[in-house]
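J.: Let me begin by handing over the structure; questions about it come next.
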Amino acid sequence: MTTLDAVVYGADELVAGPATDGRRLETYEDGAVAIVDGTVAAVGPTTEVTAEYPPESANHAVDADGQAVIPGFVDPHTHALFAGDRSDEFAAKLRGKSYQDILAEGGGILRTVRAVRDADEETLLSNLLAHLDTMLAHGTTTVEVKSGYGLDTETELQMLRVIDSADAVHPVDVVPTFMGAHAVPEGWDTDDYTAAVVDEQVPAVESQGIAEFCDVFCEEGVFSVAQSRRVLEAGAAAGLTPKVHAEELAHIGGTQLAADVGAASADHLLHATGEDIDALVDAAVTPVLLPGTAFGLGAAYADATAFRDRGAPVAVATDFNPNCHSHSMGFALSLACVEMGLTPAEALIAGTKHAALALDRTDGLGTLREGAPGDAVVLAAPSHVHIPYQYGTNVVDAILKDGSVVSTPTHESYDREVQP
């Protein structure tokens, strides 16, 4: 027995996903989507979809007249599980302090590490659930969350447990990434800590069986290419797909490493070269660009057009973390357009379909095509262009996750848009 979960109909613009006919997007005017048993069953003109799937027979019927409907956002790079407050560091940066200055004074990542180690599991879960609520309210229906603020076996495992617990109770799908190699903890030599990650943390993470990916901060002054390779190869042997923070602050070869190890994604990439981009394309590694990070630091942005023009499937993420405190994929897409050179259509693809590729999702996630997960966002605007156009504004009006209309503490008006 199948269940007609939802029918969204009458949309001024319904975006099914990237087009295959020369257009950027496959769109429908007066469009509709039907979701059955959590999966998209039909998408197309309202007259055709509703003839087969009558809205009055659905658990949720959404009249989207005057509105646009898009796939739910996929945020493929966050550090959303943390404790403590580093807002004072934002003010310090405005006064001219560099991140390196702040780190030398005991701030930055290591300050968050101390706060996470001091927090109990209940507090960490509460923090993460609150962040997921806000992300959901801004249209994110799938998000990757990394560990990496523990930097010891016990706390890294605790973080992964919390991520798993959040995934079990929250509507947003939460994808877990182990990142013990996020920084070198206080009192450690980098080689010794790399060995601890490889010999102690990775086997413990494998035994726990929660993490899906293994990430490393391959950067000058953090983990070298050789050290990063050790971590990623150990993770791969434990069944964890590699990811790489690469070429953020300097060019040291992290992008080529990502290609060599067959990473799902290489992220940041501010200093990637044309040769690096070609290597990613050849190895089918998705580049993930993080405009919010540059915005928060007042730094240069990656050139998305360089990746696009070489055939790379550019993805965009928030990089939500204590040093980049934005939950909003919409804001990230605005920056990707204004500062990185993407069009609104390209930015939407970067935050949906291509973002799903960065998480190795090939089930249609990030689209509204037949067989894809039933994750859709109804905008309080008639076109997807309003996402980057209304920068700083949350244009999300209603969210469907697996075919169910989801409300959040910050969005309690959905009932006005939904007729059961």
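Glycine is treated like the rest: Cβ placed from N, Cα and C.
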J.: Starting from the Fe(3+) binding annotation in Swiss-Prot that includes His77, His79, Asp319, which of His245, His251 is the extra site residue?
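T.: It is His245, as the record lists it for that site.
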J.: Of the residues Tyr53, Tyr149, Tyr301, only one is listed by Swiss-Prot in the 4-imidazolone-5-propanoate site with Arg86, His182, Glu248. Which is it?
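T.: Checking Tyr53, Tyr149, Tyr301 against Swiss-Prot: the 4-imidazolone-5-propanoate site match is Tyr149.
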J.: On a C-alpha basis, identify the one among Tyr149, His182, Asn321 that is nearest to His79 (Fe(3+) binding site); the candidates are the binding-site residues.
T.: Asn321
J.: Tell me which residues of the chain lie with their Cβ under 8 angstroms from that of His182 (4-imidazolone-5-propanoate binding site), as long as they are six or more apart in sequence?
T.: Ile109, Lys146, Ser147, Gly148, Tyr149, Leu151, Asp215, Val216, Phe217
J.: Cα of Arg86 (4-imidazolone-5-propanoate binding site) to Cα of His245 (Fe(3+) binding site): how many Å, rounded?
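T.: Given the Cα positions, Arg86 (4-imidazolone-5-propanoate binding site) is 22 Å from His245 (Fe(3+) binding site).
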J.: Among all protein chains shown, how many Cβ atoms are found within 10 Å of the Cβ of His77 (Fe(3+) binding site), not counting that one?
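T.: The answer is 29 other Cβ atoms.
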